[in-house]
Structures are given as C-alpha cells and as structure tokens.
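Trainee: The structure is given below, and queries will be raised subsequently.
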2 protein chains.
Amino acid sequence: MTDFAATRAQFHIPEDVIYLDGNSLGPLPRTAEARVAAAVREEWGEMLIGGWNRAGWIEMPRILGDRIGTLIGAEPGSVVLGDTVSIKIYQALAAALEMRPDRRVVLSDRGNFPTDLYMAQGLIASLGRGHTLRMVAPEEVEAAIDEDVAVVLLTEVDYRTGRLHDMARLTARAQAAGALTIWDLAHSAGALPVDLAGAGADFAAGCTYKYLNAGPGAPAYIYVAPRHSDRALPALSGWFGHAAPFAFEPGYRPGVGIDRMRIGTPPVLQMAVVEAALGVWEGVSLADVRQRSIQLSDLFIAEVESRCPQLTLLTPRDPSRRGSQVSFGFSEGYAAIQALIARGVVGDFRAPDIMRFGITPLYIGEEELMRAALILQDVMENRLWDEPAYRFRAAVT
Amino acid sequence: MTDFAATRAQFHIPEDVIYLDGNSLGPLPRTAEARVAAAVREEWGEMLIGGWNRAGWIEMPRILGDRIGTLIGAEPGSVVLGDTVSIKIYQALAAALEMRPDRRVVLSDRGNFPTDLYMAQGLIASLGRGHTLRMVAPEEVEAAIDEDVAVVLLTEVDYRTGRLHDMARLTARAQAAGALTIWDLAHSAGALPVDLAGAGADFAAGCTYKYLNAGPGAPAYIYVAPRHSDRALPALSGWFGHAAPFAFEPGYRPGVGIDRMRIGTPPVLQMAVVEAALGVWEGVSLADVRQRSIQLSDLFIAEVESRCPQLTLLTPRDPSRRGSQVSFGFSEGYAAIQALIARGVVGDFRAPDIMRFGITPLYIGEEELMRAALILQDVMENRLWDEPAYRFRAAVT
C-alpha cells in the first residue's frame, strides 16, 4: 500500500497554501533542489564538456523516458524525453500522416488542448495537401471515425472538464477503421494508470511538469509503439535523432527506434529535475493513487456541492469517466479563483467560466480539501469575488 | 576598455584545467548557481503556478531575447528565446520558403552544421513540393546564388574550421537575387560582433550554451527582421505563439511580431541560467572581445605551428576571415585530443581529423594558451596519443 504521508513529506509546499493546481504545475520535490545544484556545480561546473559522457547527459532522454514509460504502460525503449508537448505532437502527427498517405482527415475533439490543435493546423497548412482537421464534440469522436480518417488525435483527459476518454476502446475503433492514434497524456501521466501498450496506442506525448512535478518548463516526452518506431519519420529531423550524431554526415539518416525522435541538444538542467521528481514515484502504486484520487475527488465534489449551490459541476460524476481534477462552472469564475488564491487556496481558471482544482494524492489529503471547500463557501456566500482587484486579468490565467 | 581579469573572475573554471572548448560548452558563470537555486526554491517552490506572473516567467523569452539582441545587432523586439537551434532553423526555413512560393532551392554550404542541413532535409521531405537542398563549398556560395534560390541558409562561422562568412556581402547578394537569408549564429554570438540589422539579414538563430555560457541544453533563440515578423508564419504554431495564448481558442492566430515564433512552455530553469550568464556581458565591449580574440588566436597559432609541425592549420590565417576558434588537422586527432584532455587541456575533436580549440577572451589569456601549446608539443613529440586508451571513442566526441 502506498504511503501517502511519506510521499507528501517529499514535497515542499509553502505554509498556508492549499495547492490544488498540481494539474497545471506540480510543486517542488525536495530532492530537486540538491539535484539541480549538483548538475550545475558538479557536472557542468567541474566536468564542463565532459559531462556529456561522464555525467551521462547524452543518455538521459532515453533513461528518463524509460522511467516515465513505466508510469504510462509503455514498452522499454519506446519513450524519449525532449522539447515541448507541442513539438512532440507535431512529430507524432507528421509521422502518422506520412504513414497514411491516402487519407486526409485528422480527427480531434473540441476538448483537446488548443496547442495540439494549433500544431495540427500548422502542419496541415505546411503540407498543403488538402488535409483537414475535423473537430467534433468529445462524445462524438467514436462515431466520427471513418475510412477518411488518417489519425485520431486526442488528449485523454480534458484540461477543462477532466472528462476521460476510453483509450483502449477508441484506439481499437480507430485501428479497425485503418487510422492511427495519438494520445496526449498531459493530464494523465501520474494522475491515473495509463496502459499504452495494452491499449495498442500508436503514438503518445505528454509533459512532465504537471502530475510528474518536474518544474516549470520541464521537457516533454514522446512515445512511439515499437512496431512503428523504425518506420515513423520524425519530420523534425535533428542531429540528436541521427543514426550517428557525432559523425557529422551531410545527409540525415534516422536513428534506430525511438532515438530518431530526438531533435536537438537536450535541456540538461531541466532533465536533472525530472530525474529527481521521478524519484518520488519509487514505491508508489498508480492503482493506489487512482483509488485515492477518486475518493478525494468524490469528497471535494460532495463538500463543494453542499456548500456552494452557485457552482455547477462540470466534471463527470462517474469516477471511471474522469481524470484527477474537479471543475466547476461559474460566470464570475476568474474573480472567484483570485479571491480563493488570496485566501491560500490555489486553483486556477480556464476560459470562459471554469474553476479547476487538481486532485493530487501524493501531497493533498482530506483535511485540506475540506478546508478548501469551507474557504470556497466563504468566497461564494459573501461574494468575496466581487472585489475590483480580483477582476484584473493577469497575463497567465 | 573591457576588464578581462574581471570577466574571468566571474567564471568557475576547475583547477588544473585549461579550457579551450568554450566554443562547444561555455563554463559556469559563478552567479548562475545562485540564480538557478533561486528559481527553484524562491520561484517554483514558493510561488508555484504564480511564478508565471509574479516571477515573470512568461516574459523571459522576450526580455532575454532582447538582451541577446544587443550582442548580435538585432532591433529591439526581434529576438525570442526557446527550443533548440534545430527547431528555430526549421521555423525560419519554413517561414522563408512560404515567403518565396515560386522558388525551389535552399542553398547552403558543406561547412554548415549538420543539424541545419538535416532539418532542411526533413522540412523539404515533409513539404513534398520538389524543393532541393543545394550544397556547395563555402567559397562557392556567392556564385551559386541565382534566381532559383528561395533561401540562403548559412552558419556564419564554420564549426570545424572557424571560417567566417561575410554576412553583409552574402545577404546583399542573396537579396539582390530575390532570395532570403537565414544565419545560424551558434559560433558567432558572443564570439565576435554581429550586426544583423546592419547586414539586413532576414532570419537568424543561435544557441546560448557556447560563447554565451548559459549551460548544457540552454535554450536557443530566433531572430526575424521586423519587416518580416508580422508576415512570417511559424509553421510550428504552438499556443505560446498564439495571439491570445490563454483565451484557448480552437483556431490558431499568430501572435504579433516575434512572439509568434514561440511554441510551447519555455524552460524556466534554463532561462534563469541564461539570465545569469548574460550578466557577464555588462560592461563588455564586443569590439574589445574581438580584438583580444584575434590577438590570442594569432598567438596560439604561432605557438602551435612552431612547436607542432605534425599539425596543419585549418583555420584561415587572415583574422578577418575567421571566428573565435583555431583548428588543426591531424590524422590521429581524436587520440591526440584525448591525450591533451588527460593532461588538463580541454579542446575537442570533430570528424574526420579536426582538433578544435575555442578562444574565449572572457576567461582565457596568453599564459594559458602558451602552456596549452607546450603540453600539445609534449603530446605530439612524444606520441602520447599513441596509447590504446585514447583511441576508444566516447559517445560524444
């Protein structure tokens, strides 16, 4: 049984803060500070260029990729770190479209995270071959899969509502129709068990700064199913993805397997933090995390619904249909979140009217969620959101 | 006059090391350690998600871009940080090709850094519109510019030989023929004065971990001439490049000016190091750096040539035709560099036979270069490279 008191002790959470935004940026794992300091002083400072070999910088994207792979049900050697989710989605989509040259539709849903849609739009415009991005409502995806669809591009957990797609079912349905699948795991990895290999997924990508707690701007990762990894072309064909990066040949030759999805020089200091952050998962069972996430989410939903009748639950009530966040709709949601933050409860807001709360059992428990619900009740009952200061929108919302 | 004793004191260089590889990875600026620790503890640790606004993470790519801009002669608001050189070259090339729809040739030279060529090859293959990458010898570039050329894609300083292209002349020549230019400044920025605006360059990209000393995996930057920045399409159209990133609209709308070249979440911790590393340049004149680089390079060439007749100078003897590195050819160059490194002189090797030495006046002086030449003489005269241990090739060479 996972010891959640022990995992909690591994994080630095500021005093007087109830942090319900780990779905956006996870908090600082205590070991990260020393790990990054060592990467700066003992690796870069002392080894200089030698760090690539001596500190193993060159291998980190693959080694850490494999460690993330164990959290998302990926086969060994099928995940590599680097760049951003946007870039990794672009690579996956470019490779997938090239593998389905006779089809012209990229199918996604309107709950997908916008950057996935934007990257698809950019790629489609660049290709100029008449591809279209077909966007449907999340619940209409299955019915919209037809023989025109080259790729089904979905985020498993909706960043706004927390709605969870059925990865195994949609993957099977897509493949039966001859399409490939790309799963964005940004709100899945570390939030609930993911089984890419079991679902037969083709491609996936995700970030490490949300439920994996690897810090602001931490690198993304990409998954390519082993059956595709020697056929998929990376499109963004950089030297670190070359079969022999240090031969400096004039022509690109894709590396073996997942290595070809590497592009440029990896962000060594950010990777050091990923390494530290993954240490928290030693001894943690994702089944336990999932069970506790459901229990905590049910509690928070019940508390808020009984205390704040002004709010509308947007997250599916059925635990099997949601990820690890709880969202409520409220027309003054932006100001209400600011009022909450001013009182130490950190959630966030997503346009147009969504108040989001991340449920992260590694460092959040019942007591905090009940206190958060009480503070939210105070904000709502006393219209504390109705202060002009809370209505000014910051650059990042 | 720049005080090079003062700049040198700002770096941590391990004892007993003569570091002549700052053209590959600059050493640790002393302030970087505290800066990254603060970003981890005081920003991420204490501000959590609030760091995007409170610590200004969201603005850093542009603010730091402008600071780099002052080192490369860029107009304010024309440079933004992010991703890797490979990605930024891809973005520039995709945008440039789209601006020259009737032309089909990308012109480069065989001295270009391979990843630039690989990214061009990947883009050309993706586009599938019959573009070709025309590669000529560096000295043949000017003559090869004709009316078929859409883009001239060059690295200003050759990573192997240190040969310097004439940016102003080639840019003018390219533009007279109706082509656009993309300059890779990886071995230029911080090494010598660069005047993008003065040369009328169209696009540029570069890294911050070489002569700018921002650490392993530090982010790249891209320059887009202000006259193009509202017309150039980023191809890699991510949410941070959207006109309203936090409106989460389903359709991509490019941001104003250089902002559209942003893609995904920026690497906050690596950017903190860039910020610290740029602090070293306060009070430094690039004209002084250039003058001293020439003087030190001339000294090193003279010392090595007089002591090591086995080596062949590959770098142009004329200072106006080289950057800030000195390269020698030697058939056993790989093993010789290993023997040198074992004796505390850190240079590096590039296939097939190139021994490279970075000349970096911010932290290297005459005395070290003379000692390095003496040690090199010992390695060569006594065939110290002829040890089996030095012949085993590490992953990164």
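Indices start at 1 and increase along the chain as displayed.
Heads up, the Cβ atoms here are built off N, Cα and C, so glycines get one too.
Heads up, TrEMBL stuff is auto-annotated, nobody curated it.
As listed in TrEMBL for this protein:
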BINDING   B:SER86, B:PHE113, B:PRO114, B:THR115, B:ASP116, B:THR155, B:ASP184, B:HIS187, B:TYR209, B:TRP239, B:THR265  pyridoxal 5'-phosphate binding site
MOD_RES   B:LYS210  N6-(pyridoxal phosphate)lysine
Trainee: Listed in sequence order, which of the recorded positions B:PRO114, B:ASP184, B:TYR209, B:LYS210, B:THR265 sit with a CB under 8 A of chain A?
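Mentor: From B:PRO114, B:ASP184, B:TYR209, B:LYS210, B:THR265, the ones near chain A are B:PRO114, B:TYR209, B:THR265.
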Trainee: Tell me the Cβ contacts of B:PRO114 (pyridoxal 5'-phosphate binding site) under 8 Å, same chain only and six or more apart in sequence, or just say none.
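Mentor: None - B:PRO114 (pyridoxal 5'-phosphate binding site) has no non-local Cβ neighbours under 8 Å at 6 or more residues apart.
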Trainee: Of all the binding-site residues given, B:SER86, B:THR265, which residue's CB has the most CB neighbours within 10 A?
Mentor: B:SER86
Trainee: Max Cα distance spanning B:SER86, B:PHE113, B:PRO114, B:THR115, B:ASP116, B:THR155, B:ASP184, B:HIS187, B:TYR209, B:TRP239, B:THR265 (pyridoxal 5'-phosphate binders), Å?
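Mentor: With B:SER86, B:PHE113, B:PRO114, B:THR115, B:ASP116, B:THR155, B:ASP184, B:HIS187, B:TYR209, B:TRP239, B:THR265 as the binding residues for pyridoxal 5'-phosphate, the largest Cα distance is 30 Å.
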Trainee: Given the binding-site residues B:SER86, B:ASP116, B:ASP184, find the one whose Cα is closest in space to the Cα of B:LYS210 (N6-(pyridoxal phosphate)lysine).
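Mentor: Answer for the nearest of the binding-site residues: B:ASP184.
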Trainee: I'd like the number of other C-beta atoms within 10 A of the C-beta of B:LYS210 (N6-(pyridoxal phosphate)lysine), please.
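Mentor: Result for B:LYS210 (N6-(pyridoxal phosphate)lysine): 27 neighbouring Cβ atoms inside 10 Å.
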Trainee: Long-range neighbours only, meaning 6 or more apart in sequence with Cβ under 8 Å: which ones does B:ASP116 (pyridoxal 5'-phosphate binding site) have?
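Mentor: Long-range Cβ contacts: B:VAL85, B:SER86, B:ILE89, B:SER108, B:LEU153, B:THR155, B:ASP184.
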Trainee: Going by DSSP, give the three-state secondary structure for B:PRO114 (pyridoxal 5'-phosphate binding site).
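Mentor: The three-state answer is helix.
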